[in-house]
RNA sequence: GGGCGAUUAGCUCAGUUGGGAGAGCACCGCCCUUACAAGGCGGGGGUCACUGGUUCAAGCCCAGUAUCGCCCA
């Protein structure tokens, strides 16, 4: 073996061989265990968040596979409507100076597929490098044929069940992409703006209570006055309540609009009068509905002012309530240009009262970055009310559990206020809506045009045109768990693997995806008793991985990290190129360059996949975001190296030696040391902790237990304790220790494998032939570690006496090392040691472990003093009742020893003081449980006995 | 404004029925000891954000305050 672990040499070929052997596919034996990957967006590449979640998923899958389950990790990608279309549009603009309209719909979609084929591979490559044990043969894409069939089927059935309808409603309109987007794709941001106070003349000579012939309305969007169809005042507002039912003559358009009483008008804010524009504001839209105000649309798809308005009734039908005429001077002006023009006009007319600075919240499209415009359009909706009930109940009854629990509140809160879901998008890339229109606007829904004609008995001469719009990407994603398993055409796998066992995802996606998956799945998938099936039983919600400053990682900030750069390393200049090349906003490049140089002055070193995965599981405590810490990754790379070298030591001492392997039913005689018996027990405790931690999704605790055992027990103590045996022990003792070495290492590798697949496989292949582990039922020892059984807790291997004895041995050794360290005695200097107050148990332990003590504490002699023997002047430590003395002559300076003793005494005294205080408190002694009191008493006795011994030494030494 | 979360060593974080404050990294000292210097041995370091309450006992439970973050309106 190489002296240093080199991950790059092993990882890729191992993965390839696993994949070729078909180890990632379900075995067909055992209970089903499945996880559906949250499909990454096809436009992207994986970032640290993906690596984090996928490491957790793979750890679970590998663990369950080794537990004998029939595991399926289902993967795939999401077609990401807007994002993908945007990328390809930008590409053809840059490369060919063309728009999608130059291509036409079909040719453009071909172009997108072409792009998908070349770009979609990036993610697959990354996933493989992460070691993910995914069944690639079942990889799915939300736009592939099977998924499309499922989408169509769901749409048609929902329509038939009256759960889908079409309507003219106010939507979040993205004026850049010309499509509706959902509430969830809107980011509300704080912004500095203005509040304009406008004078609205009262009609018919009416006056306010104060005798004025106008009202003042306050608005942040003066350009929408052209669409006003009312003014609201609060019905309790004495200033204006007598005006309810009267009218305003709206400036600029001379439109007579009613004054209505509505609680929406807040008496304490602004003037207390609110202009109502039902076609351009969500709140106003609600007010309009309550008072049956018509809707006047004044904006086109670019959010520019129309030449003539569109007037609608509340049910979406055209209305003749108002003229469609608009002032020609504003026609075609963009909304923000129009705003200035309209304010100027009000000013000119003497109707602008004042302008104040105002903090407001503006909605931005999360993809386009432009301000979203509420716009009246025809869209398709899913009626959510009937779907919510079962979806909420599933969480209430525990059929679905969130980990951590607090996310259930978030889910419930969102479900409670759920609006109907707008599912149509005015894009080309996506599932086209299976609805056809005749020339009179009649709508027919069906799987195909032929089906529609048959179903509605439409004669061949009726011209039908399919809806141009496509479905929201999340509509197809909502079907993910069951459509990937073959629904609707094939339900065999559904029986085996659905419901999936756990969904691992970020909290930011609970609404987008998790809630919608639950609703859709429960509506369409029923178990054998006709009960709705949930898509997954557990939802493990991960926090975000933030950069080292605690900032969210994002492309625009340039702080995104490619997990492969952590694995393979990357030079600074390459990293800079990656972060600043091909940027949408080149002006940010300088800032990103600066930040990157500060964060990674020398680029990133290679760490390997196992170290990355171990880091990710180590930080996976539940319910909080993670601040990425490069030092942790460095530390766990060192850990890999430690494991590597420990294994190297084991192999150097066991390969081509008799390790007690059973051959032809014969096994050499073995004698086990205390250390052998101890390490087996320690290992079992680790096995137990790892199981418990995995079951509780506490990957951090599992990692910690593995780290602690491997480094602090196995390497620091056990390997050192094997040296005296291997160098000096009898044949049977050597065989016993070699046997224990290979047994523990072999099992430890299996225990670690779910988290660190590569290094464990590599070492295991070398170790397993030395052990008595039977690799599979067929006796095939060359099979992979990944298909072996996971270690199970075996209490019979926990020998409490061995554990106690070895703890004593450790304390003895540490006591001497402490004196050495504090007194600057060279570690190579062999020391004589004298012992006082040796009780029977100490004597037994001494007799049994002399070899260990001498070797690890570097002693040249151990002498037990009789009670009446005078000890020479010595440095002293206390182990239980035992005093350990190291003669000072020629080694130790008097002052130094006095200082050391003082320090030790002070420390003990503080503890003793506190314990004495407790025990002298009557209330404590009266009320605390006996066990606690006894523990305190024992603690005090120990401290006092140690104190007495040290104090005695103080006296002796200072007397000199 | 409503809800949720966080606040523990210099940094990043554990601390699960309330009962001796922990880890990794960083720091200090010694050591290239034949598995590992990506290492070994030893050591220092915390008013557990603050205030009050419950309790014999509070990092942990309760109430409130502050600061930071997230979600919703």
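One is the number of the first residue shown, and numbering goes on along the chain from there.
Including glycine, each Cβ sits where the backbone N, Cα and C put it.
Values in this document were obtained by computation on a predicted structure and should not be read as measured data.
Taken verbatim from TrEMBL:
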- A:14-629: domain 'Aminoacyl-tRNA synthetase class Ia' (DOMAIN)
- A:40-50: motif ''HIGH' region' (MOTIF)
- A:552-556: motif ''KMSKS' region' (MOTIF)
- A:555: ATP binding site (BINDING)
- A:676-834: domain 'Methionyl/Valyl/Leucyl/Isoleucyl-tRNA synthetase anticodon-binding' (DOMAIN)
- A:891-960: coiled coil (COILED)
- A:895-957: domain 'Valyl-tRNA synthetase tRNA-binding arm' (DOMAIN)
Return the count of C-beta atoms lying within 10 angstroms of the C-beta of residue A:555 (ATP binding site), excluding that atom itself. 15
Please list, for the domain 'Valyl-tRNA synthetase tRNA-binding arm' (A:895-957), how many residues fall into helix, strand and coil according to DSSP. 60 helix, 0 strand, 3 coil
Looking only at the coiled coil (A:891-960), report the model's average pLDDT. 85
Secondary structure at residue A:555 (ATP binding site), reduced by DSSP to three states: coil
